[in-house]
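Listed in TrEMBL:
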- A:6-27: transmembrane segment (TRANSMEM)
- A:34-54: transmembrane segment (TRANSMEM)
- A:60-79: transmembrane segment (TRANSMEM)
- A:91-110: transmembrane segment (TRANSMEM)
- A:141-160: transmembrane segment (TRANSMEM)
- A:190-211: transmembrane segment (TRANSMEM)
- A:223-251: transmembrane segment (TRANSMEM)
- A:258-277: transmembrane segment (TRANSMEM)
Amino acid sequence: MQALYAQLLVGLINGSFYALLSLGLAVIFGMLNIINFAHGALYMMGAFVAYFLLNLGGINYWWALLLAPIIVGIFGMILERTMLQWLTGLDHLYGLLLTFGIALIVQGVFQNYFGSSGLPYAIPDQLKGGMNLGFMFLPVYRGWVVIFSLVVCLATWFLIEKTRLGAYLRAATENPTLVRAFGINVPRMITLTYGLGVGLAALAGVLSAPINQVRPLMGADLIIVVFAVVVIGGMGSIMGSIITGFALGVIEGLTKYFYPEASNTVVFVLMVLVLLVKPTGLTGRAA
Amino acid sequence: MAETATADAPAKATSGGNILQVRNLEAWYGESHILHGINFDVNAGEVVTLLGRNGAGKTTTLKSIMGIIGKRAGSIKFNDQEIIRATSDKIARMGIAFCPEERGIFSSLDVRENLLLPPVVRPGGLPLDQIFDLFPNLKERLTSQGTKLSGGEQQMLAIARILRTGASFLMLDEPTEGLAPVIIQQIGHTISRLKKEGFTILLVEQNFRFASTVADRYYVVEHGKIIDGFSNAELAANMDKLHTYLGV
């Protein structure tokens, strides 16, 4: 039983990263119509920025949680202003190729300087140790990651679905021309949206640094699964990405317990099944 | 042909000064040249209607004024300011509001969000209680999904949401299209009331009978040009010509 709970926890943690990343991808796709293949590289940058802040600036984990998403988000907004914005109206393929190229360059640069092995990032003192829950032992940091991710995901959902700013975002996703004709600076909104999606990826990177170490290819490994998550959940839905992210993490964890050989492929098998039955994804709207 | 009337067609101001001045307006959709030199004026407080057959360029004229058409040339002056190069968000901020033919109600927003979406661009917009006074149906359906409303209600919502913003120049593209007579009548009353409130309205209509109940002046658009214009008083005298223009 202990092992089952442990795998469930691992599943929830992976699910947290899937949710944060697929949420950002969904927001970016909705607004920019771009499948952001650079997402994994930007997640990695989030972890590296936290690492630099700590080792070069002595700035701790808590500040990194705030600063890394802002710094990487600004980097993302520069990418959007200088490159992505020119792809408006072109086929998805161009955005996919461009962001894939950006990912390769960013990862290549980091690999050049830091190799492929991981750099350590210590768990902050306040989150060290563990708790005995009776039925299992819970490392505090892992519990923190799950709860914090959930809070961030729900806050993002609230921002988009329940606020005035979110209404602009949803409306501009449907009909950017008309929203602009109401007097809203849509190009600036698009830049900020990309910054938001990228910031969420960087935040996931910071959260993962103490668990998975800081590696140049940490995002490349993860992003493939995240894209499967997005396909299963459907591109258009915010809550859909969150629920699918966590659910698939848990399903992966359960598979690790019941049939470990399939744990790396179960997400892709599900993706194939969903594509066969409902090509727009479980919660997706037809494009 | 009547094209000699193009230049300043009927420049008789019925009230107020020139608020909109369109000169030699040309516009393109991609490679196709749609407007070939449109000239007309709208005076403050007027209801002006653009008439013409399908594809004549009426909607394109409105979209060009709003800054939505990418490629345009000539001159559009709003309150003496040149806006031919301005982006649509800047144009909206100057006080021009647009209600598109397809209504543009957002399906991912509820009625309240749709209503409150356009930002207030200047003071003087209608307060919400006055808007609900004009369109009581909307008040009862605030939490419905925008596109779950009936066609008539969607049209009312599309008009209602631009009344709050303080824009005093409204462009309505075929507000009566596809609606039941009783709803058309209600929209007619609304337009008359808005005129009394001091709004200036540029209307595109196929429904000539409806237009004649609200308009002060008419321009006829054909092949991307204004080919004629007359006031409501001159309407009876121009009826025969108009039937020829519109092919009705």
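Cβ coordinates are placed from backbone N, Cα and C, and glycine is handled just like the others.
Unlike curated entries, TrEMBL annotations are predicted automatically.
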### Message
Does the transmembrane segment (A:60-79) come close to the transmembrane segment (A:223-251), meaning at least 3 CB pairs under 8 Å for residues 6 or more apart?
### Response
no
### Task
Could you tell me whether the transmembrane segment (A:141-160) and the transmembrane segment (A:34-54) have 3+ CB pairs under 8 A, leaving out pairs under 6 positions apart?
no
### Task
State the non-local partners of the transmembrane segment (A:60-79) in its own chain: residues 6+ outside its ends, Cβ under 8 Å from one of its Cβ atoms.
38, 42, 45-47, 49-50, 53-54, 102, 124, 191-192, 194-203, 205-207, 210
### Query
Apart from its near flanks, which chain residues at least 6 from the ends of the transmembrane segment (A:141-160) lie with a Cβ under 8 angstroms of it?
9, 12-13, 15-17, 19-20, 23, 27, 123, 127-128, 131, 166, 169-170, 196, 200, 203-204, 207-208, 210-211, 238-239, 242, 245-246
### Query
Other than its close neighbours in sequence, what residues sit by the transmembrane segment (A:91-110), given a CB gap under 8 Å and a spacing of at least six beyond its ends?
32-42, 44-45, 48, 79, 83-84, 216-217, 219-220, 223
#### Entry: Chain residues in Cβ proximity to the transmembrane segment (A:190-211) (below 8 Å; excluding those fewer than six residues from its ends, i.e. six or more beyond)
13, 16-17, 20-21, 23-25, 27-28, 31-32, 36, 39-40, 42-51, 61, 64-65, 68-77, 79-81, 84-85, 121-124, 141-142, 145, 148-149, 152, 156, 169, 172, 176, 218-219
